[in-house]
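Straight from TrEMBL, the features:
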- 41-289: domain 'G-protein coupled receptors family 1 profile' (DOMAIN)
- 25-48: transmembrane segment (TRANSMEM)
- 60-78: transmembrane segment (TRANSMEM)
- 98-120: transmembrane segment (TRANSMEM)
- 140-158: transmembrane segment (TRANSMEM)
- 199-225: transmembrane segment (TRANSMEM)
- 237-259: transmembrane segment (TRANSMEM)
- 271-291: transmembrane segment (TRANSMEM)
Amino acid sequence: MGVFNASLGEDFILVGFSDFPQLEVFLFVFILVFYLLTLLGNTTIIVLSRLDLRLRTPMYFFLSHLSFLDLCYTTSTVPQLLINLCGFDRNISYGGCVAQLLIFLALVSTECLLLGVMAFDRYAAVCRPLHYTTIMHPQLCQALAISSWVSGLVNSVIQTGLVMAMPLCSHRLNHFFCEMPIFLKLACEDVNGTEVKMFVARTIILIFPAALILGSYGHIARAILRIKSMAGRRKAFGTCGSHLIVVSLFYGSGIYTYLQPIHRYSENEGKFVAVFYTILTPILNPLIYTLRNKDVKGALWKVLGKSTDLA
């Protein structure tokens, strides 16, 4: 098999879901609706957190960052996917593919780290309420957010550089966007050394925050069990449970895609799994974390010029 020289300006072909033509119309409508809801929900969270003084807290500071991340990384893939599903243009240039891989990987890496930071924030609020404002002071919040963004970008630059330096055996990508496992699958040379280096980096980005989240919510669960009111306990467990479901979807699909050996990676399965972390979790985040929250509802009614009394 010949080596594909992408640097000469040849385009990649994104196969997308063209192997499943019976699903393309359904997927187009489904993804378009969810994308528009993602834009609406996450933009609402960002605007409300800026306009309402009651939302000037560490939790909503991090949530506004999360919403911005979801807006950006969804927009980095979904418009291309919608065009692909219509069959108008399945090509993407080498430069466009590199940019998409770099941006998407940076944003997803940042979200992995930010979700861990948010779990620590919830741990401090629930388990250390008397010291919460001292622990989560504005300078620390800023430092944690900046560290998440910088670490995500550095991880992306390193991994994108390693991937794009490999000679590829084909320009046909069996995916709906330029994602790292596809390039490893198409490599014309032994990628074991590169895969090991990338595996270590991905483990740090995925497993460490996931462990922090599980540890934080374990302590939160113990604190909830000390609540004497059964109604209060049920409400707290319901909130934590919904948070963990969203986190499990995001990390579970990410771990499946990025931590399994490349020889076991299935391209067809991989693109369906990618739908979870590119389309589903970005709309679930505003629904689960904020739009069910009384403070956010109050801020929304206030912005709309209605009564803030939700009782």
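Just so it is clear, glycine is given a Cβ too, placed from its N, Cα and C backbone atoms.
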Subject >> Spatial neighbours of the transmembrane segment (199-225) far in sequence, C-beta under 8 Å, 6+ residues away >> reply: 109, 112-113, 115-116, 119-120, 122-123, 126-127, 151-152, 155, 158-159, 233, 236-237, 240, 243-244, 247, 251, 254-255, 258-259
Original post:
Residues of the same chain, at least six outside the transmembrane segment (271-291), with any C-beta under 8 angstroms of its C-beta?
Top reply: 16-17, 31, 34-35, 37-38, 41-42, 44-45, 60, 63, 66-67, 70-71, 73-74, 77-78, 108, 174-177, 179, 242-243, 245-246, 249-250, 252-254, 256-257, 297
Original post:
Per the definition of 3+ C-beta pairs under 8 A with sequence separation of 6 or more, do the transmembrane segment (237-259) and the transmembrane segment (60-78) touch?
Top reply: no
Subject >> For the transmembrane segment (140-158), sequence-distant contacts whose Cβ falls under 8 Å of one of its Cβ atoms, 6 or more beyond its ends >> reply: 58, 61-62, 65, 102-103, 105-114, 117, 201, 204-205
